[in-house]
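Notes for the one structure printed next.
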Amino acid sequence: MFKYIGDIVKGTGTQLRSLVMVFGHGFRKRDTLQYPEEQVYLPPRYRGRIVLTRDPDGEERCVACNLCAVACPVGCISLQKAETEDGRWYPDFFRINFSRCIFCGLCEEACPTTAIQLTPDFEMADFKRQDLVYEKEDLLISGPGKNPDYNFYRVAGMAIGGKPKGSAQNEAEPINVKSLLP
């Protein structure tokens, strides 16, 4: 008999403790946001929409090395290389299927020219899957992105617009390798 009374007291205590917890949470600040009217806080390194950036000179940074497509775990990036008269590579087409993209950021890490960058833009919803396939024209932005002073071809040692090799920033004079032969 006393066992049953103990169970009743224990159950009543559990119920009262639950009610106190519910009423206590009723007066706390709400975590829910009215989304379109109230903007969501995004952390500083939030990975959202992928963009292609330009050099400080206004040229495309992408050199079509295909490292981003190889690094992508879901295979949503496709591109094809083309070459200008002066030997500079650029993507003939660059396509990202955002319906497959998981926004992991591996393409940004693999890019040697910092051409691919992830922005905090996340509002990309659409009614048709075909509209989530972005071409190069949709991805290119007019600015340099996160690294405004970086120019891959000035650092890589390729002659720029009539300047001889060795005159770019932090670049040593070219070495005549034939003089090193015995």
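Each Cβ is built from the backbone N, Cα and C atoms, and glycine gets one as well.
The shown structure was predicted, so the numbers you read here are calculated from the model rather than taken from an experiment.
These come from Swiss-Prot:
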- C62, C65, C68, C111: [4Fe-4S] cluster 1 binding site (BINDING)
- C72, C101, C104, C107: [4Fe-4S] cluster 2 binding site (BINDING)
- 52-82: domain '4Fe-4S ferredoxin-type 1' (DOMAIN)
- 92-121: domain '4Fe-4S ferredoxin-type 2' (DOMAIN)
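Across the domain '4Fe-4S ferredoxin-type 1' (52-82), the prediction's mean pLDDT works out to 93. For C111 ([4Fe-4S] cluster 1 binding site), the nearest neighbour among the binding-site residues C72, C101, C104, judged by Cα separation, is C72. Set side by side, the binding-site residues C62, C65, C104 differ in how many other CB atoms lie within 10 angstroms of their CB, and the most is found at C62.
C62 ([4Fe-4S] cluster 1 binding site) sits 16 Å from C72 ([4Fe-4S] cluster 2 binding site), taking the CA atoms of both as reference points. Counting residue by residue with DSSP, the domain '4Fe-4S ferredoxin-type 1' (52-82) contains 5 helix, 9 strand, 17 coil. Remote same-chain residues near the domain '4Fe-4S ferredoxin-type 1' (52-82) are listed as 88-98, 100-102, 104, 106-117, 136, 139-153 (criterion: CB distance under 8 Å, separation of at least six residues from the stretch ends). Distance between Cα atoms for C107 ([4Fe-4S] cluster 2 binding site) and C68 ([4Fe-4S] cluster 1 binding site): 4 Å, as a whole number.
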